[in-house]
Structures are given as structure tokens and as C-alpha cells.
Amino acid sequence: MNHQIHIHDSDIAFPCAPGQSVLDAALQAGIELPYSCRKGSCGNCASALLDGNITSFNGMAVRSELCTSEQVLLCGCTAASDIRIQPSSFRRLDPEARKRFTAKVYSNTLAAPDVSLLRLRLPVGKRAKFEAGQYLLIHLDDGESRSYSMANPPHESDGITLHVRHVPGGRFSTIVQQLKSGDTLEIELPFGSIALKPDDTRPLICVAGGTGFAPIKSVLDDLAKRKVQRDITLIWGARNPSGLYLPSAIDKWRKTWPQFRYIAAITDLGNVPADAHAGRVDDALRTHFGNLHDHVVHCCGSPSLVQSVRTAASDMGLLAQNFHADVFATSPTGSH
């Protein structure tokens, strides 16, 4: 039996089927709620539950330390009755926005010893409609899929650029190293909610770990295209300098924004350049900033990295609603 999900202070209601998460039900109904990892790690989908009952979805936690006493994780629960929720934001999706394409490999190069820079081209006359920071699914022949963030900005819509880290034993990590020009992949996009607002002028701190740089590159290239002027800092962390694999992007942003600040964070303490921070990205945040009350932080990386940065930012006065996360969480259906 389906139950109805009502969004507080709106006329929006949608059905939630048995065995379906509230988040999936919303997306199926064309309603976008904040989300990223869909595995309970990022906390983006936390929403107040005002009325009704829920149960766990597929054994997932319905709450985490990121939730207030009133909140539940919409990716981790299903409706056990009609419920009323109050998400931090919502919007109606364009039902025609999400598309599936057969994309061709245009080029496949190594950006770092363990990172492939994969450029895809869409069929002639087709364009990918997405927003900076969103991700796509790569559908594999066996029915599984893997998710990766678009690294190119939305105005470069005739193709897609992905940054793929080679994970030992990873399903797509093995495939990507064998792909050559002309090979095809089935892709579907876009996925993911957008937290950053292009018209926001508050100081922005972007924090990335490894290939968490990909969605941040899309965001910053988009802001540059829009000629947005704001104080922007990028903290990019890797084990060694080779993991900071796209210095040309940094150089371009320095020319775009004279006030742009870049902090490289290297954890291999025996291999730290003179101009880099020795340590983790959360350590770099604490070292180079004071009070963050008036800032916005956008963090992309592993669950542990995101959590450590979230804790540091909170300790430094950042308001919870000004921390936006894109968690690269490994799952049965893939990871960014």
C-alpha cells in the first residue's frame, strides 16, 4: 500500500511505495530534495519529520549524528504511514531533464598515476543538460552502474569530462584503463541536488580530497563563466603532489579572480613542497582561517574527509546550513 508524503507549507504531495525510500519516491515524482550520496553518509537529505511514521529502508540508519532531534535521513527511511516532512529546500524537476545517452570516448589520458581523465562525446546534435556539481551514472553491461561527477561546466554541453580514480579491484577502475577512442559507454544524467547559489557573494571555501576536485572544477568554471565575483579559496588535498593533477585549472582561476587563494594539502610529510600545507585538509582549514560565521564551505571527498572538515568548520563558527557536502561513498551501485 502506498503512503502519501506531504511537504510542509506547500501543495506538494507524492506517493511512496512499500520498499521505496522517501528520497527515491520524491525524485520519481519529479520533486528534487537535497541529497548527494544516498547512503546516509553526507547528511544532505536530513529533513524534519513533522507527522507520521517511518521505518528503515533496506536496513539503513534513519538518523545520524548530522540530524537534529526532529530530523531523519530521507535516503534511509520509507513511509509506514502518510507523513509530512519539512526539507531544507525543494523544487520541481523538469521531467525532460534526465536523459540516457550512448556516449563515445573522445580521449582517455592519465592525469596522475592513479587518475584517468576521461572525455566523452555525445551523439551528434545532442546536448547534456546539467548544473555544476551534479553527477551521472555509467550503466555497465551486467546491469550495475557507477556514479561520477561531471568535471566540465554546464556550458560545455556537447561532451562530458570525468576524473576517475583507479581503485584496486574497482569495477569501473578496471574498465576505464582499457577504454580507447571510439569505445562507447551508456550514461544517464543528471543526478544530485545543487546547494551552491550562483548569486551568493559570501566568501566561498571549496575543499576537495583527490578526485573530489572534479565537481569543484565544474562549479568554479561555471562561476567564472558567469563572471561571479567573490572571495574564493580552494583547499585540495592529496597524499603527494602528483595527486594534485590539474595545475592548469588553478592557473586559470588565479587569472579570473585576483583574490583567488589556493592551498595544497599534502599528507606524505616527506614529500611536501615549500608552498604547500603539510597535513590534512581539515588541518589546513583550521590553520589558514579564523571564524567562518560569514562563509560558505563546499566539501567533496570521502565520508571521513567530509566529516572531518564538517567538524572543523563547525568548531570555527560555520552555520550548519552553510556547509554543503558531496560525499564520494562506495556502494553496490557505485561511487563518484
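Indices start at 1 and increase along the chain as displayed.
Placed from the backbone N, Cα and C atoms, the Cβ positions cover glycine too.
Feature annotation from Swiss-Prot assigns [2Fe-2S] cluster binding site to CYS37, CYS42, CYS45, CYS75; the stated evidence is a curator's inference. The domain '2Fe-2S ferredoxin-type' feature in Swiss-Prot is assigned to 3-91; the stated evidence is sequence analysis. Swiss-Prot lists 98-197 with the feature domain 'FAD-binding FR-type'.
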May I have the DSSP-based helix, strand and coil counts for the residues of the domain 'FAD-binding FR-type' (98-197)?
6 helix, 46 strand, 48 coil
Please list, for the domain '2Fe-2S ferredoxin-type' (3-91), how many residues fall into helix, strand and coil according to DSSP.
7 helix, 32 strand, 50 coil
May I ask which residues of the same chain, at least 6 positions away in sequence, place their Cβ under 8 angstroms from the Cβ of CYS42 ([2Fe-2S] cluster binding site)?
TYR35, SER36, PRO303, VAL306, ALA325, ASP326, VAL327, ALA329
Grab the pLDDT values for the domain 'FAD-binding FR-type' (98-197) and give me their mean, rounded.
95
Would you mind checking how many other C-beta atoms are within 10 angstroms of the C-beta on CYS45 ([2Fe-2S] cluster binding site)?
27
Number of Cβ atoms other than its own within 10 Å, given for CYS75 ([2Fe-2S] cluster binding site):
27
Cβ within 8 Å of the [2Fe-2S] cluster site's Cβ centroid: which residues qualify beyond CYS37, CYS42, CYS45, CYS75?
LEU23, TYR35, SER36, ARG38, LYS39, GLY40, SER41, GLY43, ASN44, LEU73, VAL327
Just how many other Cβ atoms lie inside 10 Å of the Cβ on CYS37 ([2Fe-2S] cluster binding site)?
24
